[in-house]
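These features come from TrEMBL:
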- 58-388: domain 'Amidohydrolase-related' (DOMAIN)
- Glu135, His202, His223: Zn(2+) binding site (BINDING)
- Val146, Asn226, Ala227, Arg234, His258, Ile317, Ala318, Gly319: substrate binding site (BINDING)
- Asp281: active site, proton donor/acceptor (ACT_SITE)
Amino acid sequence: MPKICFINAKIYTGVAIIQNGALIVEDDRIVDVVSMQRFEKNVFSNDTLFLNVNNLSIAPGFIDTHIHGINGFDTANGELEDFLGISEGLPKAGVTSFCPTLYPQQEEEMLKAIHYGSKAMGKETGAIIHGLHLEGPFVSCNKLGVQRPETIRSVDIDFMKRMQEAGGDAIRIMTVAPELKNMRDLALHCAHTSNIILSAGHTDATYDHMMEGIQAGILHCTHMFNAMRSLHHRDPGCTGAILIHHDFSCELIADGVHVHPALVKLLLDNKPENKIILVTDALAPTMQEGEGPFYANGEEVYMSEEGIWRRQKDSVIAGSALTLIKAVSNMIEWGTPMDSALRMAATNAALLLNKEIEAGYLLPEKFADFIIFDEKNMEIQSTYVRGSLKYEK
């Protein structure tokens, strides 16, 4: 394929901002990122394509490490078409790679979902799957959210092995409650057999439990502030431990409902920027057209006035309807600089997943995963995955 030069763009590389630059792509890789002044000194072959983006902005494609579905496709169904459907729909929201996230289910259903999630890797038609995120089953019954109590388990290494066998090396993140008995054994097993990131979430852990979890290698958390023991002056709990420990990275659902903007500011004031990772935790009806009924994880849900999904039967929060471009927009509205917010939606997730050698940055030799967007209205104009156009407005 010929080189494609995206010119006259404001480019956020993940490490710097080029106010008027050019992004040069060949096949699935970035060849160079330069200022227009330097670009105009280059000599290109006759088959080179030049695309003038007319002063729009280019940034690394978003990476969503916590998402249950989109456009009616639901990981809970455990079917190959659901994982591929999510992949195809995500570029519209600026997402170029993701970790399909599975709720705990009964063993047969969960192993099936893990199996087909792993089979979807390499078959994607849109966003690339970096691996699966298992949101349980080794979590606390005291902090379930909408998870079903009958699907929750005590730590079981044999079941962990069966899940790994079902998915091969596809399991990348696993949400766990650090306070559970034998959690250290699970952490050691994962450290010795895989590259699974254990993430504290759906947890009633005390501060001391969290210190033990940190010693066992648990240094990431699932949807910060949600479904975890709150801060208390006599027990800092899970929340306090994460805020204090700067090596701890954390997901953040920045929709303004799951976490109040004031607590987002508290998090920003207490964590290094590169430890905050924007996620959506979006449910299957997100971005789905029509008037419903809508379903997620086998239950009917409705869109509330706040813009989130709630269960029809009891109005309990079921999950988010957030997109990452909206999360970035919200962070900017709450005072975060544009380049920082973009890193929280892309670069920081790449660092967490150890994918920074190929994703999360617009630098030479990285994969050409990027978005072109309008800063004025924060709208995605086009999304490229591995150098191929996957969405255009």
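For all residues, glycine too, the Cβ spot is worked out from N, Cα and C.
Residue with the densest Cβ environment among the binding-site residues Ala227, Ile317: Ala227, by other Cβ atoms within 10 Å.
Put simply, His223 (Zn(2+) binding site) is 14 Å from Val146 (substrate binding site) when counted between their Cα atoms.
Between the alpha carbons (Cα) of His258 (substrate binding site) and His223 (Zn(2+) binding site) lies a span of roughly 9 Å. Asn226 (substrate binding site) sits 8 Å from His202 (Zn(2+) binding site), taking the CA atoms of both as reference points. For Ala318 (substrate binding site), the Cβ neighbour count at a 10 Å cut-off comes to 25, with all displayed protein chains included. Look at Glu135 (Zn(2+) binding site): DSSP puts it in coil. Among the residues the record lists as binding substrate, namely Val146, Asn226, Ala227, Arg234, His258, Ile317, Ala318, Gly319, the two farthest apart have Cα atoms separated by 31 Å. For the Zn(2+) site, the Cβ centre of Glu135, His202, His223 serves as reference, and the other residues of the chain with Cβ at most 8 Å from it are His66, Gly136, Val139, Gly145, Gln147, Thr175, Ser199, Gly201, Thr222, Asn226, Ala227, Asp281.
The CA atom of Ile317 (substrate binding site) is located 12 Å away from the CA atom of Asp281 (active site, proton donor/acceptor).
In sequence order, His66, Ile67, His68, Thr101, His223, Glu251, Ile253, His258, Gly319, Ser320, Leu322 are the residues of the chain that are 6 or more apart from Asp281 (active site, proton donor/acceptor) and have a CB within less than 8 Å of its CB.
His202 (Zn(2+) binding site) is 14 Å away from Ala318 (substrate binding site) when you measure Cα to Cα. One residue stands out among the binding-site residues His223, Arg234 for having the most other Cβ atoms within 10 Å of its Cβ: His223. For the binding-site residues given as His202, His258, the lowest number of other CB atoms within 10 Å of the residue's CB is seen at His258.
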